[in-house]
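Worksheet: the structure to be examined is printed underneath.
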Amino acid sequence: MVDGTLLLLLSEALALTQTWAGSHSLKYFHTSVSRPGRGEPRFISVGYVDDTQFVRFDNDAASPRMVPRAPWMEQEGSEYWDRETRSARDTAQIFRVNLRTLRGYYNQSEAGSHTLQWMHGCELGPDGRFLRGYEQFAYDGKDYLTLNEDLRSWTAVDTAAQISEQKSNDASEAEHQRAYLEDTCVEWLHKYLEKGKETLLHLEPPKTHVTHHPISDHEATLRCWALGFYPAEITLTWQQDGEGHTQDTELVETRPAGDGTFQKWAAVVVPSGEEQRYTCHVQHEGLPEPVTLRWKPASQPTIPIVGIIAGLVLLGSVVSGAVVAAVIWRKKSSGGKGGSYSKAEWSDSAQGSESHSL
């Protein structure tokens, strides 16, 4: 692992066009849920840099404002929070109208509760330049409208979404969002990475071990654990006699541990007495080399075996972690190729313009 002091010194020297270690992302998740007979829809907006939530807005709060969710954001001035609060409130009002509009598109009654979600963001490549952008809408937990990888056109999932697609095309919304994603979003992501570099650019290797859980006299479950790692991207695989064993592997989603790190496990059912034929392989950018684990009986500690896999080099590679958000709908995106960017005005909202009408 790269020495922490050296990493900080290198970070100080980084300019906007210089190389960051690995890729990084800035994403916003906005969710609105209608509440028939109970007033305005509930609206929540959260922002993430890589795997770290750094801002949040909730219109059910006693005093609804965009607030910091990461220590490195607490020193931002009132101008920033006023601007981001206005942007969130504007988006909440547009969502209120959009929920009513979509209910009409689908011929739904006013009695039911419905959910509208909007995710948008940008990603930097290892060279610190724009790599891809994404924007997606979902209605009642299902994809609705997606900005295509070229950031110039939309994909609608049904006839109702085609109405929104046509309205977006008429208003040149794709062009507006492309400008935000390629310019303003990138500039803010650089700023956040600089402000939170001690947290966002650090590597925390996983603590690994294997546990044994008898099922019957004939079978047992081997569970491979990875705990306390950052960033969230990690690979856990089981092998039998050196060959991949994925068909019967149970793999859980990477989960936040509550302390800024993540945890994950992968399990496989094996015949009793054949446990030593199975190995768990762990890959994470915080590890200098992949780790191979075998289960050891209780009388012996679990001993990690450093596995040197030919052609696999992890040193110096940092992969952007998966965004873990408390939202109903989430979809993985991939997009276009990188390019240069122009400097955006800091007066622009980090969230971009408010959501457009559907």
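Using the three backbone atoms N, Cα and C, a Cβ is placed for every residue, glycine included.
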Disulphide pairing with Cys224 per Swiss-Prot - partner from Cys122, Cys280: Cys280
Between Asn107 (N-linked glycosylation site) and Ser164 (peptide antigen 2 binding site): CA-CA distance (Å): 15
C-beta crowding around Ser164 (peptide antigen 2 binding site), within 10 angstroms: 23
Site diameter for peptide antigen 2, Å, by largest Cα distance between Asn98, Tyr105, Ser164, Lys167, Gln177, Tyr180, Tyr192: 39
Pairwise CA distance, Asn98 (peptide antigen 2 binding site) versus Asn107 (N-linked glycosylation site), rounded so that it is a whole Å: 14
Neighbour tally for Gln177 (peptide antigen 2 binding site), based on other Cβ positions within 10 Å of its Cβ: 23
Cα separation, Asn107 (N-linked glycosylation site) to Lys167 (peptide antigen 2 binding site) (Å, whole number): 19
